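Participant: One structure, as structure tokens, below. Some questions next.
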Amino acid sequence: MALMAVNTRCLCLFLLCTITGHSLEIKVNPPQDFEILDPGLLGYLYLQWKPPVVMDNFKECKLEYELKYRNVDSDSWKTIITRNLIYKDGFDLNKGIEGKIRTHLSEHCTNGSEVQSPWTEASYGIADEGSLGTKIQDMKCIYYNWQYLVCSWKPGKTVHSDTNYTMFFWYEGLDHALQCADYLQDNEKNVGCKLSNLDSSDYKDFFIRVNGSSKLEPIRSSYMVFQLQNIVKPLPPEFLHISVENSIDIRMKWSTPGGPIPPSCYTYEIVVREDDISWESATDKNDMKLKRRANESEDLCFFVRCKINIYCADDGIWSEWSEEECWEGYTGPDSKIVFIVPVCLFFIFLLLLLCLIVEKEDPEPTLSLHVDLNKEMYAYEETLC
């Protein structure tokens, strides 16, 4: 029994040494010359590397690379598995960028086991020129009705009076970054930009940089990256109509706003007001049917607004509210009486007025009496003679 136990321990030790030795032999190096490059496209960066130095017995193996990257203040990494030697993506250049990469050996080269190299890392950041107080404030961009983009900002808190700002933009399809050609101004200072005719710019990262100039100090640049379809503010719905069916059902209709947005891309929010009560509803259609809360209500109105739905964008901006549309009510006996009474009063007044006019046109009774008296006197005198 003792001999069997010794043999078992020896066998286990031999297998462990064999496995360990085999694992130690399968190594792969990390990629070489990993770096993050800025081609001047306002945040669209290149992460590139060169293949690792590969041992002779792995030269026929296909290598894969596991790439992780993020802005330095982010809690999560974005992970990509690729066989290419370059990867491109957009970043927020207001913050630093960091990335790391390692090599993967395919399983058929390692007898089914996973083998990765150590990580190699790289980072990138824009040198901060100018104090934080010189950077623009409250930058906002809205893509109105999917037709034109308006960005606005306020000057930095500590800038001098000679400071002015310029805006550049880029998206995939442009050869290089372009400067705004239509600035919004206040006291001859640029406080915004309007961009039209942004062909083929939807569903792509849209990059913006606003920098400034002053003779007295450097101005810190500000960066933004977004996708246009996520900041669309449509026009409000038009041609509202409301009716009541069967004294209970409220039927509301409206037309989609004019412009290039497909009707299937809208979602709507409706506010119904019945006397002193109001409530909200939502729909993706341009009509809705609801039940009345009070059958005797005299005041029944609604208004509606819209934005891009989740099928066409990840986010959106609500339009302004439409004009309020109210129900005109029944045209039954009660409403007829309300209409007929003032009409009758009007005609009575008109008839009285005509009678007064006709009465003024008749001969005066005094004149007629005077003529008759003269005739009587004349007849009486003839008899005496």
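From the backbone N, Cα and C atoms, a Cβ is placed for every residue, glycine too.
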Participant: In Swiss-Prot, Cys312 is listed as disulfide-bonded to which of the following: Cys193, Cys265, Cys385?
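Facilitator: Of the listed candidates, Swiss-Prot names Cys265 as the partner.
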Participant: Just choose from Cys17, Cys109 the cysteine that Swiss-Prot connects to Cys61 via a disulfide.
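Facilitator: Answer per Swiss-Prot: Cys109.
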Participant: What is the disulfide partner of Cys141 among Cys151, Cys180, as given in Swiss-Prot?
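Facilitator: Within the candidate set Cys151, Cys180, Swiss-Prot assigns the bond with Cys141 to Cys151.
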Participant: Could you tell me the C-alpha distance between Cys193 (disulfide bond) and Cys312 (disulfide bond) in angstrom, no decimals?
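Facilitator: The separation of the Cα atoms works out to 26 Å.
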Participant: Below 8 Å Cβ to Cβ and six or more residues apart, same chain only. Which residues does that give for Cys180 (disulfide bond)?
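Facilitator: Once residues fewer than 6 apart are set aside, Cys180 (disulfide bond) is near Thr166, Met167, Phe168, Phe169, Cys193, Lys194, Leu195.
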Participant: Using Cβ-Cβ distances, find the residues under 8 Å from Cys141 (disulfide bond) that belong to the same chain and are at least 6 apart in sequence, listing them in sequence order.
Facilitator: Leu149, Val150, Cys151, Ser152, Ile208, Met224, Phe226, Ile231
Participant: Secondary structure at Cys151 (disulfide bond) (DSSP, helix/strand/coil)?
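Facilitator: Strand, per DSSP.
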Participant: Which numbers of helix, strand and coil residues does DSSP report for the domain 'Fibronectin type-III 3' (236-334)?
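Facilitator: Breakdown, helix to coil: 5 helix, 47 strand, 47 coil.
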Participant: Any idea what DSSP makes of Cys61 (disulfide bond), helix, strand or coil?
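Facilitator: DSSP assigns Cys61 (disulfide bond) to coil.
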Participant: Run through the Cβ atoms and count how many others sit within 10 Å of the one on Cys61 (disulfide bond).
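Facilitator: Other Cβ atoms found within 10 Å: 18.
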